[in-house]
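Participant: Summarising the annotation, Swiss-Prot assigns active site to D72. Taken from Swiss-Prot, the feature active site, proton acceptor covers E137, and the record attributes it to sequence analysis. Annotation comment: Swiss-Prot describes H70, D103, E166 as Zn(2+) 1 binding site, evidence class sequence analysis. Sequence annotations record features per position, and here Swiss-Prot assigns Zn(2+) 2 binding site to D103, E138, H352 based on sequence analysis.
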Amino acid sequence: MSATLALTEQLIARASVTPDDQHCQQLMTERLAALGFECETIASHGVTNLWAVKRGADGRDGKLLAFAGHTDVVPTGPLEQWTSPPFVPTHRDGKLYGRGAADMKTSLAAFVVASEEFVAAHPGHRGAIAFLITSDEEGPATDGTVKVVELLETRGERVDYCIVGEPTSSAELGDVVKNGRRGSMSGELVVKGVQGHIAYPHLAKNPIHLLAPALAELAAEQWDAGNEYFPPTTWQVSNLHAGTGATNVIPGHADLMFNFRFSTASTVEGLQARVHAILGKHGLEYTLKWSVSGLPFLTPRGDLSNALENAIRAETGLTTELSTTGGTSDGRFIARICPQVIEFGPPNGSIHKIDEHIDVRFVDPLKNVYRRVLEQLIA
């Protein structure tokens, strides 16, 4: 069994359902400390974070390449629906099954072993390697990567390149990498009316009727046209509620929850202003609470994307696609301190599902791609 596969199995065997790390980071720290990494545990409200750095011959003047990832996994769902226990690494038909196999314990193991091989082959490497690992990516993400980034900001730590080990591939390892992500902003809208008997509408004020024209306009609005890297911004309703459940009562308020997934073609302030303008045009009496969970980020073509594309091509023969599709990731926090952030990991077809798995034939090639990137950028 390869070193990468063995470490992957050890990590899967630890039931690290968010935010419980279950000592996964301790296992990684033992391996990294043996290589000369300075390892720091940063705990926050039940979340475990790791910042580990190995400086190169150039010291703090050298380029720093960080790997960012998470040890936490989503809950298993009904255990009886799993073909094998989710925290017992199991091989069937050339695949390794277990919660976290694809998202993202294979990536964690692959970069640890890639670092071991790189340091052994290049003991005098010039640049620095770092690991930024959290147990709060699958949860609220309020005490994980964002806390470490804030700490690094206060220290003036410079990160030149960052690979996030999210499962970005589609059908084959390396066919897709993410060089950016859309931002995410949610709104909680309460439209006020006047409750009353449904037979006497002149004595009441129906907030559903008041909201409907504005809702139609918001749904039809083209917020932007996107750009060469991002599709157009989208606005979607996630929840709509009004009424008491009775059939003879006009409700006193209507509650709407919605979400923007927005590109670099729009801003938080611009989108908020346009929503308020539409609501105001319809004369609504309302309250609106905003929540921004992430800003869009984009890494243009540069040293990191070139190195990753070259490594994937050398290892797999594939020409990778740079993409910004999908949901948010911790890359949105890291982009605050790092100009080049790219996500790359194994295929994502089974993530968060019953019987999550990874094709074993991708495990060592993933490690090799990571090692090739290290060799190109910081050797």
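Numbers here mean position along the shown chain, with the first residue as 1.
Yeah, the Cβs are placed from backbone N, Cα and C, and that goes for glycine too.
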Participant: Out of the recorded positions listed (D103, E137, E138, E166, H352), which are within 10 Å of the residue listed as 'active site', Cα to Cα?
Facilitator: D103, E137, E138
Participant: What number of additional C-beta atoms lies within 10 angstroms of the C-beta atom of H352 (Zn(2+) 2 binding site)?
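Facilitator: Total other Cβ atoms inside 10 Å, all chains included: 14.
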Participant: What is the total of other Cβ atoms whose distance to the Cβ of D72 (active site) is within 10 Å?
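Facilitator: So the number of other Cβ atoms within 10 Å of D72 (active site) is 25.
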Participant: Could you tell me which of these binding-site residues, D103, E138, has the greatest number of Cβ atoms within 10 Å of its own Cβ?
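Facilitator: The largest 10 Å Cβ neighbour count belongs to D103.
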Participant: Just to be sure I understand the packing, how many Cβ atoms besides its own are within 10 Å of the Cβ of E137 (active site, proton acceptor)?
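Facilitator: Result for E137 (active site, proton acceptor): 26 neighbouring Cβ atoms inside 10 Å.
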Participant: Nearest to D103 (Zn(2+) 1 binding site) by Cα, among E137, E138, H352 (recorded positions)?
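Facilitator: Its closest listed neighbour, by Cα, is H352.
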Participant: Taking only same-chain residues 6+ apart in sequence, whose CB is under 8 Å from that of E166 (Zn(2+) 1 binding site), what do you get?
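Facilitator: Those within reach of E166 (Zn(2+) 1 binding site), by Cβ under 8 Å and sequence separation of 6 or more, are D103, M104, S107, K178, S329, G331, E343, F344, G345, N348.
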Participant: Are there recorded positions among E137, E138, H352 that sit within 10 Å of H70 (Zn(2+) 1 binding site), Cα to Cα? If so, list them; otherwise say none.
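Facilitator: Taking E137, E138, H352 one by one, the ones whose Cα falls within 10 Å of H70 (Zn(2+) 1 binding site) are E137, E138.
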Participant: Quick one: which residues besides H70, D103, E166 have a Cβ within 8 Å of the Zn(2+) 1 site's Cβ centroid, in sequence order?
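Facilitator: Output for this site, in sequence order: G69, M104, S107, E137, E138, V164, G165, P167, S329, G345, I351.
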Participant: Any idea what the Cα distance is from the residue listed as 'active site, proton acceptor' over to H352 (Zn(2+) 2 binding site), rounded to a whole Å?
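Facilitator: The separation of the Cα atoms works out to 13 Å.
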Participant: With a radius of 8 angstroms around the mean position of the C-beta atoms of D103, E138, H352, what other residues of the same chain does the Zn(2+) 2 site pick up?
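Facilitator: So the extra residues in range turn out to be V73, V74, G100, M104, I351.
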